[in-house]
Amino acid sequence: MPKRLALAAAVTLLALPFSVAAGAADGSAPTATKVAAEAKPYKVEGGKVDPGTYNGYRRYGESCMRCHGPDGAGSSYAPDLTDSLKHMDYDTFAETVINGRKNVNTANNNVMPSFGTTEDVANYLDDIYGYLKARSDGAIGRGRPQRIGD
Amino acid sequence: MKQRKKVLLSWTALVTASLLSSHPSLANDELSKASKDPKQWVMQAGDYANQRYSSLKQITTANVKELRPVWTFSTGVLRGHEGGPLVVGDVMYVHTPFPNVVYALDLNNAGRILWKYEPKQDPTVIPVMCCDTVNRGVAYGDGKIILNQADANVVALDAKTGKELWKVANGDPKKGETMTGAPVIVKDKVLVGISGGEFGVQGRMTAYNLKDGSVAWKAYSVGPDDQILVDPQKTTSLGKPIGANSSLSTWQGDQWKTGGGATWGWTSYDPQLNLIYYGSGNPSTWNPKQRPGDNKWSMTIFARDADTGMAKWVYQMTPHDEWDYDGVNEMILADIKVKGTPVKALVHFDRNGFAYTMNRETGELLVAEKYDPAVNWATHVDMKTGRPEVVAQYSTDKNGEDHNTKGVCPAALGSKDQQPASYSPDTGLFYVPTNHVCMDYEPFKVSYTAGQPYVGATLSMFPPKGENNLGNFIAWDASTGKIVWSNKETFSVWSGALTTAGGVAFYGTLEGYLKAVDMKTGKELYKFKTPSGIIGNVTTYEHGGKQYVAVLSGVGGWAGIGMAAGLGGDTDGLGAVGAYKQLANYTQLGGVLTVFALP
C-alpha cells in the first residue's frame, strides 16, 4: 500500500472507521475531508460489504442488470449507473426507480419501467442505492462483493 | 433431405401462384419453390431446413478478397439489429428492432423505398423485453409479409403495398409476453412463438391461419396434456410413450402456470414428414430451488404435426435447468451419415454447450457432444436416458440459494445463443458462431408479480480461465461430434452464419466486421468493418446476374449488456481482462444494412 493511502486511512480511521477501511482496500481511498463530510449509504470493510449492500447487489442482478449491465456498468441500451450516481442524488434515484422514465424520440427508444409496485425492488431501494453508490464511488469493484464475515 | 439445386423459376409463375394461393398447398408450393431458388432469400433461415446455405457461387475462395460494399441503407433505429433482410423477386424487405419498422426496397432502383410500415406501439413494452428490443425478421408467404411486433401483435401486410391486412394479439405485454422471434409460414399457416421466460410466461407455439389471422392451433410448452398437445401413448421421448400428465407431474402445484418454456427461437419444417421443429426456453424462475422437478417440457426439442400441432416426439435436453440454458436455438435439418448410416437428421447446437444429432423422424438421440471444450457443467449426456451427467460442483441447485456457484461454463448466454449456424451439403459440415464465456451464478428467492422480472439469480460472466477470447467460429462434424477447425474471436460471435457453393462461409463480429472464411480450413479471406457491431444474420442473393451478400449491423441484444464495460468482474483476478474487453472501444450503436458484391 502506498504511504499516502496508508496515512489517509490512519487519519480517517479516527472519524469513520468503516468507510476508511473500504477505500484503502480498494486502493482508491477518498480524502479524509470528503469521507468525514458525507455519510455513506454502504459499509465496506477489508473489501467486504455489509448485508444491505450485498442485498443491493443481488436485487440489482434480479431487476436491473438485464438493462443496466453487469455491475451497474451500463449496456448498449441503458446508462452506466456508476456514472449516473456521480451526479444523481438519492431522491432523484428513488423517484426514477419508483416512477420510471421515458426517453422516446427519433433517436432514442429508452424506457425505464416503474418499479413502485415491484416488491423485489421497492422494498430494497436503499440497498440497491447503497450498492450502486459503492460502485460509483469506487469503494467496491466489479463482480460479486464478499459479505463481511464471509 | 435432397440437396438444394438451382431451380429455374420465373417470377411470373410465383406471382400467379400467390394469386391462386387461397388453396393451402399452393401457398406452400410457392414458398417451397422460392426457397429453392438461390437468387432469392425468402425466409429468415434461407430454407425450411434452416441450413442457411446458398448454391450461388460467383463469390469464391479465389475472388472473395475483391468483395466490397456497393450500397448501404440506414434503418433509422439505434438498437440491436438481429435477423436479416428477405429478398423476394426484385424487392428486399428490411425490418428494425422496436418500433419494428418494415421497409420494402426496390432492388431495380438502387434500394428506393417502395413502402414503409411503422406500427404504433406503446413504448412501455420496451423494458418488458429481456435484453434489448431485438426482432429477428419478417416472414414472406402468400403475397403477405408477416411481422411479429414487440408488443406481441402479429401483423399481416400486403407485400406489394405495405397495407395492413390483419392484426392479432399473440400475447399481453402486461404479463411479460413480448415477441422477438421471426414468424415462419408453413402451408396455409403462420407459426408464431412468444418471449418472456424472465417474466414467468407460459410459453407456447401458436399457428394462425395465414388468410385471416384466426387461431388454427396452440401448443403450450408446459401444462396439462390438452394444453401441450400431446398424446400420452403416441407422443414419444427417446422412443418411449411419454404417458399421461408428463408435464404436470414434473412441477410443484400450479407452478407450471408461470413456468416459462418460452419459444423465442427458430422453427424449421420437413415437408416430407410434415413436422415442424423448435425448442422451448428456460423454466421460470432462474432459481432452481424454487421449482423442484424436471420442469417439463421446458428446455425441450419439439417435433409437431404442422397441421394439428400434435407432438410426435419431444426431448428435454436440460431437465430442471439450473443455469438458464434455453433450448430455443435452431434445429438444422440435414440428411447426413451418422457413423456410416444415412439418417434424416436434426442437428441442434444448444445453449448448454452440447451439440445434438437426432433422428428427426423418430426423435432418437444419435450424438451429443460438447462443441466448446470449455463446457464443464456436465461430463457427458447419457445416451440411454438422454440426461446430462451434472457435475456437483457446478450444480446451482445442490449448492443452493444464496450460494455463489463459481466458474460454470458456459455462461447463461450459452455456448451459442440464437445466432443460427449453417450447414453446407458440399462439405457436410456445420459452421457455428459460438460464445466462449463462463459465469458465477447465485440463485435466490423471488416472488412472482405479473409483468415484472422473475429472474431469481444474479451472475457475472468472464472468459474461461487462462483465456481471453470470448468467442469462436467453428466447423463441426455432426456425424462424429467433433470440431473440425476453430477460429478464435475477441468477442462472442453473435451473428448468423451463411455458407455458399463458392466454398466461402460468412459471419459478422461484435466489433462490426463482416468476415469471409474458407469453409475447408477456416482461413480468413476477407473482412470489412461495417458501421456498428453485427448481431444480424448474413444473407446472399442474386440480382441482375450478380451475387450480393447483405448484413445488418447494429450492436445490442444480450451481447449489448457487455457493451459499455465489457463482461467480467474483479473476482478471481479477472479485473484486467474485464477492463480491456470493452466493446465500446470498438463500436457504437448503429442500424445499417450493408450490401457487398464483387467489382
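Cβ atoms are placed via backbone N, Cα and C, with glycine included.
Annotation comment: TrEMBL describes B:Glu82, B:Arg136, B:Thr180 as pyrroloquinoline quinone binding site. DSSP gives B:Glu82 (pyrroloquinoline quinone binding site) a coil state; it is part of no helix or strand.
Around the Cβ of B:Cys131 (disulfide bond), the number of neighbouring Cβ atoms within 10 Å comes to 22. For B:Cys130-B:Cys131, the entry in TrEMBL reads disulfide bond.
All protein chains shown were included, and the count of other CB atoms within 10 Å of the CB of B:Asp324 (Ca(2+) binding site) stands at 27. For B:Glu198, B:Asn282, B:Asp324, the entry in TrEMBL reads Ca(2+) binding site.
Per TrEMBL, active site, proton acceptor is recorded for B:Asp324.
Highest Cβ count within 10 Å among the binding-site residues B:Glu82, B:Glu198: B:Glu82.
The Cβ neighbour count for B:Thr180 (pyrroloquinoline quinone binding site), using a 10 Å radius and every protein chain shown, is 28. Contacting chain A by the Cβ rule (under 8 Å between Cβ atoms), the recorded positions B:Cys131, B:Glu198, B:Asn282 reduce to B:Cys131, B:Glu198.
For B:Asn282 (Ca(2+) binding site), the number of other Cβ atoms no farther than 10 Å from its own Cβ, over all displayed protein chains, is 27. Taking CA atoms as the reference points, B:Thr180 (pyrroloquinoline quinone binding site) and B:Cys131 (disulfide bond) are 10 Å apart. Over all protein chains present, the Cβ of B:Arg136 (pyrroloquinoline quinone binding site) has 28 other Cβ atoms lying within 10 Å. Here the CA atom of B:Cys131 (disulfide bond) lies 12 Å from the CA atom of B:Glu82 (pyrroloquinoline quinone binding site). Secondary structure at B:Cys131 (disulfide bond), taken from DSSP and collapsed to helix, strand or coil, is coil.
Annotated pair B:Asp324 (Ca(2+) binding site) and B:Arg136 (pyrroloquinoline quinone binding site), C-alpha to C-alpha distance, rounded: 21 Å.
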